[in-house]
C-alpha cells in the first residue's frame, strides 16, 4: 500500500515506498522481467557496481552478471516471466564497471499491481563475509598443519535463511527480502516509522521514540551509540555503527545500523533513513577468526623451530618470532625471497633448485642445510615445507619449519651429562636423596637414605612411605602431595625418627622437597634430608644457657632495684615506685626476648605483658589488636618502657583509674614496600575530667625521647575529657625485624 507523499522528502520521493527505495543503505533495483532491463536503481546499487543510473538502465541484467552465473540468472528470470516462480534467493557474482568481481546475495520478488512483469531485488555485498570465511578456513588449515594433535575446527555457520514474505508493494517486499529492517526517524517530532521485521530482531513491539530504541541498547554500547547519533544528526550525511542490543528474551544481538541523513535547505537533519541488520553470526565468525589467529600466532611463536609461510608462488609473507631472534633480521629484509641472504653460498643453489621443483610439482620439501645466525655462525637446520590446499585442491600457501639439529645434538649431549651428574649425586652425595611418584612410592633412592631405613636400595624401589617409614609417612606424604599440586618446592621442615624403632636413639633431620618437571608437568617429587641431631642438641644446650643468663640478669636487675630503694630513701615513695616500675618493665621485656632467643618480641605479647600489673588477662576493659609484628630487641625494650609509662599514667589519672574505664591499643602497617611505617594508637575511654598537663614530667620526656629519637618516629597527644589518645608513627625499619605470617 502506497502512502500519501510528504513534501519535506523532496520531489523525487512521492510515496513512503519510493523514499525508502531511493535512500535505503542496501542496494535495491526494480527490473522489467520481459525486457531484462533495469527500470530504476537506488544510490547504494550504483555504488556497489560503479555505474551511474543511466549506464545501468542501458544494460540488460546479465551484462553485469559473471559469465559463470549467467545461465542460472536467465533461468530464474524465465521462471518469473512464465509464472513458475514468484521470487528467488541466490548467491552469485556480479562484475563491477572496473572489471573486478563482487560476490553478492540477490533476493528478488514479483511486484503485483504493475503492468507487465516487474520484480524488485535487494542485493547484499558478501565481500567481507567471504573474506572472513576464507581467512578462517586458511587459518584453520595452517593451525591443523602446525599442531597435528589439535582437533580440526568446525566451520562457522554462515547464516540462517528464512523464506521471504510476499508483498504487494515495492518497499515492503524489499525490506522483507533483505532480512533488513528499514526505518525512518523524524528528528523534529522524535518519531520512528519501521517495518515489521524490526520486531523480529528485537523481540519488542513498535519503537515510537529514539529513547525507546536506546533503552534496549546494551549498557556497554549505549553511550557510544547516543554520541554517534548526536554527531550524525549535527553534521554527518551517513551513519554506520555496529553495536549490541538486548533482545526481549534476554539474548544479546549484534546489529549493523546504517543510515542516510537527509537535510533541509538550512542544513538541519529532517529525515534519517536507516537499515538494521542482525549480524550476530557474522560477529561470531569474526570473533572466532580472531581467536584462531591468536591461537595460531601463539602456537607458532612458541614453537622451538623457525616457522614461516609463503604464498602459492613461494614468496614468503610471514615468519615466527623465533626466526627473527635467530637470524637477527626483520621482515623488511626477509619478505618475498629475501631469505637467500641467510643461506650459505655453498648450498643456496641446491636449495633454490629443489624449492623451485616443489613449487612446480606441489610436492613436499625436505632438506638439511646451514642458516646464518645473528652471531655470524652457520648452523645446520632440518627444513620441511608442506603445501596448504583449499577445498578445490589448489595450493594457496606453503608452511615451512627449520629445526636446529645442531641444538638438538647439544641438547642430547647435555641430557647425557645431566643424567651422569644425577647418578653421581645419588651415589656420592653426603646427604640423603629420594624421588617419589604420586602414590608416595620410591622411584630412586641413594645409599645414605636407604641406611637410615635399615634396608638396601633395591628394597625401596616401588615401595611406599607407609611401608618403609610409617612414623613420618603422613607428614612426608602431605608434603609430596603439595609439591605435585602446586609445582613449587616446599620450605624446609624438621622430622624425627621413632625412638622405639631404634633402641631409643632420638635422631633429627632437616627435610626439603622439590618438583621434578617434564615441561610444565610435575612427574616426580624429590626429597633431600640432612641430619641435624647434633645441631638440635646444641640448640637445647643454648636454650638452657639462655634461661641461665635470663636468671642471672633478673638477679642483677633485682640488685639494682634494691640499690635504688636503699639509696633514695630520702625521696618520696612515689619516686621509688616509679623507678621500680621502670626496672620491672625492662625486666618483662628482657624475659620475653630471652624466651625468643633474642630474635624479637611480638608486639601484642609485649603490650599484654606491660599492662598485666594494671589489667588482668581477659579483662574486657582492655582491647589489644593489630597485624602480627615482630619487634627488634632494642625497639622492644624502648617500646616496653613507653607502654609502661602510659599505663602508669592511665592508672593514676586516666581510664584505668575508673572501674568503668577502658583502653584500646591498636596498630597497623601503612605505606608501600621500602617506605612502610607502623602506626600505634593508645586510646583511653571512660576517664573523668582529663586535662592537658601544664608541664612534662620525667615519664613524658622519656616517652617522647624514645619514640622520636631512639625509634625515629612521630608522637602526638590528644587530651580528651574522657581519656588521652596517644598516636605513635614509627618507620618500620626502626621498629620491626620482620612481618610475622599469621
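Including glycine, each Cβ sits where the backbone N, Cα and C put it.
The following features are taken from TrEMBL:
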DOMAIN    20-84  domain 'PAS'
DOMAIN    88-138  domain 'PAC'
DOMAIN    166-236  domain 'PAS'
DOMAIN    239-291  domain 'PAC'
DOMAIN    363-417  domain 'PAC'
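Across the candidate stretches 20-84, 88-138, 239-291, the maximum count of CB pairs under 8 A to the domain 'PAC' (363-417) is reached by 88-138.
Confidence annotation: the domain 'PAS' (20-84) carries a mean pLDDT of 89 in the model. For the domain 'PAC' (363-417), residue counts in helix, strand and coil come to 13 helix, 30 strand, 12 coil, using DSSP.
Sorting the domain 'PAC' (239-291) by DSSP state (H, G, I as helix; E, B as strand; all else coil) yields 12 helix, 30 strand, 11 coil.
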